[in-house]
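The feature transmembrane segment is assigned by Swiss-Prot to 13-33, 50-70, 99-119, 150-170, 201-221, 318-338, 353-373, 381-401, 422-442, 512-532. The N-linked glycosylation site annotation in Swiss-Prot covers Asn509, Asn543, Asn597. Marked as region 'Disordered' by Swiss-Prot: 578-603. What Swiss-Prot lists as compositional bias 'Gly residues' is 585-595.
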Amino acid sequence: MVASAGLLQTSLIWVAYAVAVALVFFVAVITVFTWQTPYDRSKLVTTVAIVSLTALLATVFLLPVDIALVSSTASASRGTKKDWATPERIHGILKTLKIVYYSLYSFDALLCLVVIPFAYFWYEEHDEVLEEEGRETWSTRFWQALKYTIAFIILVIILFLVGFFVPTAAQDHGRHLDLDYFKRLLTNNNGEKALSFGLGLLMTLGVLLYVLYTATGLALLPVSLIKSAPAISAPELSAMTAAELEHNRELQRQIEMRNAGRIVAMSQKDRRELDLLLREERTLVRRQRLAAEASGEGQSTIMRIWTKTQAVFRPLKLFGGILLLCLSVILWISMLITAIDKAANSVCKSHCGYILGHINVFQPVNWVFVKAAKAFPIDYILMAFLILFLFSSSITGIASVGIRFLWVRVFQLKKGRTAPQALLIATVMQALIILAINYAVVNLLAPQYAMYGTQTFCQALSLDPGAPPDCRNHRDMIRPCSESLTDPLAKDVCTPTVMSTFLNRIVLNWTVFGAIDFWAQFAFLTVFLLVFVTSLIRTPRLNLTEIDEEAQADEEEGLLASTSRRFGATWQDITGRAKRTVGGHPNGQGYGTSGTNGTASSR
């Protein structure tokens with residue numbers, strides 16, 4: 001009966017994980033289809049991006065499962081292991097977790113190092129002209145993409161071989177590489193060291209991206225929701241554009257009347273002025289059409305109702321932005337508290353990656369998770385929300401900063417405008433960032449919760465030799481396992497999570513990674529603070545130039561059909577006819593989209 005109770009509890013945890021993975025799949029689908037361009041899609045790129053994001057999120061969502069499983073083996077109220085949690089059962093749980101972790105990380109590595117590069121080169125090798133001429137076939141395109149992918153894999157293998165041989169280089173100076181040497185490497189567990197080197201290197205690269213993109217997005221995402229209402233409503237934009245268009249055409253009539261009846265040609269000054277007015281007129285005509293569509297003209301009743309519903313519920317968006325803003329500040333404070341605590345109180349400092357035995361200062365995020373873990377799956381839901389928030393912040397950061405090489409912007413991410421190459425590169429960047437998010441959650445945001453969950457141990461001495469301590473009458477002697485670093489009574493009760501053990505192994509084996517990852521958190525906090533203060537001070541402005549450029553891009557792509565487009569507006573959009581329209585390219589920066597090279601309306 002006791003054993004079946006333990007099996008039921010662990011099974012429910014895995015069922016909750018399966019449900020989370022199913023939801024993650026829908027999140028990945030929505031993310032990919034929201035950001036990719038609709039007129040330049042590749043089925044292979046779309047599929048690879050969706051599968052990759054699902055696998056990456058499934059990997060990071062395994063952390064709360066890890067925490068819940070090790071927590072389920074102990075009784076927090078008694079400070080002892082549960083009756084069903086025998087060493088064999090605990091070993092089986094940890095072994096299952098390790099298998100799932102290694103499987104997911106191996107699959108992630110396969111996607112990021114093989115599948116995504118192949119999809120990238122496959123798309124790059126496509127040439128419509130050669131295809132029409134019959135000089136490009138599926139096989140030639142496949143082999144070209146495979147050739148570049150193999151070259152990329154060779155570089156990666158060289159890097160991992162370095163990680164395999166370096167661990168024992170200091171102990172084996174001057175020895176030749178023979179079969180005994182390989183055997184010694186394997187028996188000394190250096191294969192796992194090589195794996196920890198590879199993951200540590202990728203995690204460190206991810207931390208660098210995490211500092212730039214996640215910190216930026218964490219500051220901008222809540223502020224963008226709060227400031228989502230534009231500086232001008234759709235009716236105001238329509239009226240302003242109509243007035244400018246009428247003034248433009250009046251100036252054209254004046255020039256034409258001034259030159260009417262003249263035998264000689266129009267002067268160069270008048271010709272230049274007229275050409276300038278004609279170009280401006282085309283821009284205003286496009287903008288007027290956008291404003292009309294934004295006001296709901298020509299749209300179905302359902303779309304008009306949907307637009308007004310958005311306007312009515314806009315205060316909820318504002319309220320959600322304020323809540324996320326508070327959450328961002330709390331996360332920042334919690335990370336700062338833990339980082340300072342580690343820097344000041346870690347016994348081994350940089351020699352062990354600033355591992356801390358227990359938290360010395362109250363840390364709000366860790367406290368919330370420890371309390372919520374007593375009522376599973378509340379902590380799982382909170383952790384899922386936290387991960388999705390950091391994930392969304394990373395996307396916002398990548399969209400704001402762009403994909404850059406040094407200071408040169410290579411690709412720009414925009415909703416509905418992201419090229420397939422940018423989508424794949426952003427997916428790899430997210431993979432690296434997710435590794436960094438794992439590190440931040442385990443080591444800074446919720447170190448006690450992520451390492452031991454709700455496990456506690458009893459400090460009371462047992463009266464019977466060999467019997468477990470009994471704290472039923474001594475509740476004051478029950479301590480959290482985060483304080484078990486030097487207590488011998490905790491070794492039989494406190495089971496660390498698989499993820500925390502693996503991350504600690506990385507920073508212990510490769511202290512340089514631990515030092516970089518830790519001090520990079522202060523850079524993260526600094527970047528967040530700078531972007532946060534700047535975004536609060538800077539007021540959003542209506543960028544008509546960007547609107548016109550996006551409208552021109554849409555029209556050149558032939559996207560003239562009216563689909564809904566978000567026009568955040570104010571109360572005038574409720575009383576007027578605010579509309580989401582044009583080209584299916586939502587954009588949170590104001591009005592816009594559609595059109596270019598549209599012909600001027602007849603005068």
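Positions of Cβ are set from backbone N, Cα and C atoms, glycine also.
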Criterion met for the transmembrane segment (201-221) and the transmembrane segment (512-532) (at least three Cβ pairs under 8 Å): yes
Annotated stretches the transmembrane segment (512-532) and the transmembrane segment (353-373) touching (3 or more Cβ pairs under 8 Å): yes
Residue numbers, six or more beyond the limits of the transmembrane segment (422-442), whose CB comes under 8 Å of its CB atoms: 32, 35-36, 45, 48-49, 52-53, 56-57, 59-60, 63, 108, 111-112, 116, 119-120, 123, 199, 202-203, 205-207, 209-210, 213-214, 335, 383, 386-387, 390-391, 394-395, 398, 403, 410-413, 450-451, 497, 499-500, 503, 517, 521, 524
Protein Cβ atoms within 10 Å of Asn509 (N-linked glycosylation site), excluding its own: 18
Residues from the same chain, set at least six apart from the ends of the transmembrane segment (381-401), whose C-beta lies under 8 A from its own: 20, 27, 31, 35, 57, 60-61, 63-64, 67, 210, 212-218, 220-221, 224, 324, 327, 368-369, 372, 412-415, 426, 429-430, 433-434, 437, 440-441, 445
Folded-back contacts onto the transmembrane segment (353-373), same chain, C-beta under 8 angstroms, at least six residues removed: 67-68, 71, 330-331, 333-334, 337-338, 340-343, 345-347, 379, 382-383, 445-449, 453-454, 480, 482-483, 485-486, 504, 506-508, 511, 513-515, 517-518
